[in-house]
Amino acid sequence: MGATDHEVERDREERNEGEEQGREGGGMGERDVEKGEAVDGGGGDGDGDGDGGEHGREFHMSMMQRLNPTNPLRIHVISQVPSRAATPSPAQPPLQPRSTPTPQQSLITLNSRKYTNKMSLFLFCLHFVLAIGLVGFLVFKGVQGLIQASDRVKRKEMRVLKFFLPQVEAASLLSITLAFAWQKAFRVWPNFMVHFIMWCSFLTSLSAGILLICFQKASTDGVGVCLMGFAIGNGLYACWVTQRIGFCTKVLVKSLEPVSKFPDLNQPTYWMLGVGFLWMSLWIIAVLGALNFYFPPLTIIALVLSLAWTAEVQRNVVNLTVSRVISLYYLRGMQSSTKFCFQRALTKNLGSACLGSLFVPAIEALRIVARGLNLLEGEDEFMFSCAHCCLNVMQFIFSCGNGWAFVQIAAYGKGFVKASKDTWSLFKSQEMEEIVDSDITSSICFLTGVCSGSICVIMVAAWTFKVHQPFTATISLLAFFIGYLMTRIAMALPHACVSCYYVCYAENPDNRLFDKTIKDRQSLIKSGRDVVVPTPRVPRRFTT
């Protein structure tokens, strides 16, 4: 009986241990459900036979699919974690309260569909409609004068047609030819052309000035003196920037490399020059009609200003087209369609091109004035005050508008002012201010236009002085203007490539498409082994 009692008592203890293990397994299941897990409790049969304790059966805990906190209908499947029912699981960390997810910052799209600078676009369209109306009316007046006017007016207009129109048309054709020749030469021999244009513009402008002075007429003497004065300044500038030419050439060579990947990249230039030539032909006939209209000088000045703005907008349309194609290649490795980029520049980004056409030339002019006044700083108190004021204005203008903005306008569809500020912030963050300030690419493009204009002056002035001397000075000025504008349209392609190289490098310096040209330049500047002459700004001692 004693042995039997001991066996019965031992069986009762084993059954009690099995029930306790079953309850522990059930408790574990409840705790796991709070964490999003469901566990098979093991002794859930309730028979109290202690099978889990006796045989050490393993129970695999299956995990429930956890709900996404942002969308309860979207689930994340969590992998199953095996666990033994007989062995208590380690202590789990306390649950963290679920926080509301913060929205991520929206990425800047490369396919913005909004129009930029709508007010500038409206003003340019209004101006262009008025210009078309005025040119059409003046063309009508010119034809009317040839048919119905008095003999005196007819003789005057016939004289203009015979001795004015052919020279101007010839200057337009010559300037277009030179424009394509310069652009092709820059793409093939960039290293040689930087040095060549620097001194060729000096020689051609000096030659044109000497030629006009040799005619010994008051009007031609005035124009000739202006050209000779510019030539002297050009020569001094060429000597001043000698140390920068090497780096400028390296950047130009590197930035022109992607052009070969886009065979149709020059098509916008062809279209803009063709349209420019047709508009120039109508514009010349309108000048003829302005001679029979009220206030001829004011009318001709208005026509000249309209032509200048229109040509600058054409140049910046080419700039925006090339900038979008090249910037998307740098930033995303995309082979963009030049046709669609051209359409975008003519529609959505045209307002920024119109505003930049007014802003950027003024900025460049103020840049030259600021550098000149900075040389006089400290010489005279009055001149020092002027320099200080001008430098303050320059600092504000550079933060609101600069020529580098066209890259971000083309790539991201930003407005002109915002793109200018963002671009300059990028340069500051990468410590590139000194490098971009000392870049002479825009000066090279400007001098290329001056070179074409001077060549047109030499050709037209000699022709006009031979056939009709009174028109020599007027046609010389007009030929220089036309040659400069046409060449600047063609030179927008290399200028845009260099701008994209700088801006896209500032945005992603680690891009494999960029070499160590800029990094090496920065290292030389920081070590003091290279000297740059930045755009003058307000000295720190006056801003504190």
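Using N, Cα and C of the backbone, Cβ positions are placed for all residues, glycine too.
Fair warning: this is a prediction, and the values are worked out from it, not measured in the lab.
Annotation comment: TrEMBL describes 1-38 as compositional bias 'Basic and acidic residues'.
Positions annotated as region 'Disordered' by TrEMBL: 1-57 (among others).
Residues annotated as region 'Disordered' in TrEMBL: 82-105 (among others).
Residues annotated as transmembrane segment in TrEMBL: 119-140 (among others).
Marked as transmembrane segment by TrEMBL: 160-182 (among others). Residues 146, 193, 197, 273, 277, 280-281, 284-285, 288, 291, 448, 451-453, 455-456, 459-460, 463-464, 467-468, 471, 474-475, 478-479, 482-487, 489-491 of the same chain, all 6+ positions outside the transmembrane segment (160-182), place their C-beta atoms under 8 angstroms from a C-beta of that stretch.
Look at TrEMBL and you will find 194-215 (among others) tagged as transmembrane segment.
Under the heading transmembrane segment, TrEMBL lists 222-243 (among others).
What TrEMBL records for 270-295 (among others) is transmembrane segment. Residues 134-135, 137-145, 149, 153, 156-157, 160-161, 164-165, 168-169, 172-173, 176, 179-180, 303, 307, 310-311, 314-315, 317-318, 342, 482, 485-486, 489-490 of the same chain lie 6+ residues outside the transmembrane segment (270-295) yet bring a C-beta within less than 8 angstroms of a C-beta in it.
The transmembrane segment feature in TrEMBL is assigned to 444-465 (among others).
Listed by sequence, the residues of this chain that lie at least six past the ends of the transmembrane segment (471-487) yet keep a Cβ under 8 A from its Cβ atoms are 163-164, 167-168, 171-172, 174-176, 178-179, 182, 208, 212, 215, 217, 219-220, 222-223, 273, 276-277, 280, 304, 307-308, 311-312, 315, 448-457, 459-461, 464-465. The feature transmembrane segment is assigned by TrEMBL to 471-487 (among others).
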